[in-house]
Amino acid sequence: MLTTPAMALRFEVLARHNRARASRLTLPHFEAQTPLFMPVGTQGTIKGLTNDQLEDLDCQIILGNTYHLALRPGADLLDSMGGLHKFMNWPRALLTDSGGFQMVSLLHLADITEEGVTFQSPVDGKPMLLTPEESIQIQNKIGADIIMALDDVVKTTTTGPRVEEAMHRTLRWIDRCIAAHSRPNEQNLFGIVQGGLDPRLRDICLKGLVARNLPGYAIGGLSGGEAKDAFWRVVAQCTAGLPEDKPRYVMGIGFPLDIVVCSALGADMYDCVYPTRTARFGSALVPEGVLKLKQAAMATDFRPLDSSCSCMVCKRYTRAYLHTLVTKEAMGSQLVSYHNVAYMMQLSRDLHNSILEGRFAEFVQSFLQKQFPEGDVPEWVCSAMEVAEIDISMCCAPQSRIAKMQV
Amino acid sequence: MEFAVRTWSAGARLGSLQLAAGLQVETPGLLLLTRKGLPAFIPPDLLQNLHPDARACQVTPLHFLESPNATTVAKAGGLHKLVSLTGFGMVAVARDSLMDESNGEGSSKMGASFETSSGRRVVGPAKYMEVVNAFKPDLWVSLPDEVPSWVAEKRNRLSVDRTLQWLDQCLSLQPAEYGNRCLGVVVGSTSLDERIRSAEQTATRNVAGFSLGGFGLGEDAAQRAVQMEAVLTKLPKEKVRHVSGIGLPEEILQAVGAGIDVFDSIYPFMLTKGGYAMTFPLNMENSQRSFDSEPTGEELARSGGDSAKINLRSVAYRLDNAPLVIGCKCYTCRKHTRAYINHLINTHEMLAQTLLEIHNTYHYLEFFKAIRHSIKLDKFHDFRNWFTSTRQKSGTPSPSKSRQ
């Protein structure tokens, strides 16, 4: 017997293009437009950018990492401060992850059992345990608009019975998460679809999560190491298997190309450290791909990062000047981060608006032509766009089309 | 460039410095410290609204010897355009306050020796002016041979001679259409005779004003006061006076009292880097109230702060929901709490520095505003005495002070 759980969001699809959707996602703190990218503010801040700047850039939802926040400043402190929104004074929406992924990827000797994730405390080495209940309790204290279930996540390169074990455990844990969630009217618990690259396992997980009738769903386990051709197929399967009227969040995706493809396949939300992290290494996101500002050629290039970008950095600075700052001055990091976030938010707007205005196919074509001016669109993108029913033949050079035919 | 003194109070002067069309700076005034032309942590969109007086920056050509270099600046159309601060005053100063203080070693007739981020470099007038001319600054300080207070007499005399030679060379390398934008540097270290010689000679050159060099290099406050007075009596009163390397509030007050108009100070930056927020009281009327509600000197000391600043790293601020300074109107104090900044510092987040630099710069600019206000009311002497007394008062723990 299913009870309809309380929801703290409203999701309205405003327009479609085949599988792609432009929607309005109304959360307790903010009314957002999807598809959208969520910058990651790991410890309650996005590297060097102020809240005013983030609002200027149109950021709608920001991610906070439960693992880091529970360590510092601590869940109870945040609770006593009225939650993370008040603590960092962010008026818009927040999303927290479960803490599980960081533990598995960051911690030495992390181990997963039926109870939860056991690990060594990074502070004093004591053995600790993060259970589904505990993860939800911490997230209840942090107070984000969207919280994530604790899932048993395995690397996509893992094979064998471990993958199936993790998928089934994820389903058992979702019930514990639901039971532990004390603020369903204020915070939306999203379930995460696992199952590795195995369509059979993914299908079981999809059905199991959909049956729980959650406010929203994430597609997990897809942000490291897997072949792109496998990646898009899992996304396509999951978006097809998830309900139409609920938001779909692909976790850990930040390359613009990946976001465009996933949006074409029917996903709505994305997060990744990539744009801000790559900024600190001197890489700027531009329509053609990535601009590596440290290269010697940049020293005499007096163009802005991106002539089509209207952000503060592109209006004021040249590649030549930014070249002198990146990796040497904190300001370099701040300015390129600012631009990269601007780029991602512009991409989000472009996706939403082009679907809304019935020109999504043209947008995708234009995007691909700028990224692949020689027409060398990767195979996996072509396959994905076929499934998405978007014609990108004009983006692919004749030679590559012929090469495909010959295979 | 135009400068005019409007009024005096006990040696301190209130003036206005017209740096460019539509850019007037009231003096005594503070130049913001920069690295490669921009503040360390405050990007231009935040700088615009930082504070009404945040309108002029100090920039050192030493940051423009390699990357960027003079060619980069020239190609961009000048410094203002390169760093996108048109509408700001840019004052070129030789000294890089953020690196090692020059000790005069390694300097030769070829140029002054400086520690830069790409190693030690010798910079002569030609190289210096190549960068300065590429800048097209609103004001520029000539290239000095600065020496610390402990050098021998002979070396000191040489530094005065060289500084004058280099001044003349720099002036000859300035394009005629610039007009008069040079601040001639007066050196001479602790020798009063040399200081006077340097001042008198520099005053004969066609300069727009003067920069008192060789300070903040090991001399004590008493020595500095004597040297400054010796120099300033020899300089024409109607021309602007600048000094580098004078950082602390008391040092600023002493120099203002001697007759200095323009400062660049490392103090806000140093506090920011250390995780401190400037908190010293700014006006006499409110100070009594603020002392009743602020922690005692002992409590401050335990958290690593003092009457001038609080140490945001301290666990004392973990739960503190107050702004850095109650009543402060800066961006940081309007939007954020001590607890949040404490968290940012302890998690090594860059935003901590941005927020602190905004507050510390704002607070120091308010300090300068208070100084000017006291001069206007002819109460500078009182203000200086009051300020010095506040520093002494809360330095000592007072267990008998009851706080009911």
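In case you wondered, yes, glycine gets a Cβ from its N, Cα and C as well.
Annotation comment: TrEMBL describes B:CYS328, B:CYS330, B:CYS333, B:HIS359 as Zn(2+) binding site. TrEMBL lists B:11-392 with the feature domain 'tRNA-guanine(15) transglycosylase-like'.
For B:HIS359 (Zn(2+) binding site), the count of additional Cβ atoms within 10 Å of its Cβ stands at 27 [all protein chains shown].
With every protein chain in view, the residue among the binding-site residues B:CYS328, B:CYS333 whose Cβ has the most Cβ partners within 10 Å turns out to be B:CYS333.
The Cβ of B:CYS330 (Zn(2+) binding site) lies under 8 Å from the Cβ of B:LEU50, B:HIS51, B:ILE358, B:HIS359, B:TYR362, B:HIS363, each of these being in the same chain and 6 or more residues away along the sequence. Averaged over the domain 'tRNA-guanine(15) transglycosylase-like' (B:11-392), the predicted model has a pLDDT of 92. Residues B:CYS328, B:CYS330, B:CYS333, B:HIS359 make up the record's Zn(2+) site, and a Cβ search at 8 Å around their centroid adds B:PRO323, B:LEU324, B:VAL325, B:LYS329, B:TYR331, B:THR332, B:ARG334, B:ILE358, B:TYR362, B:HIS363 from the same chain.
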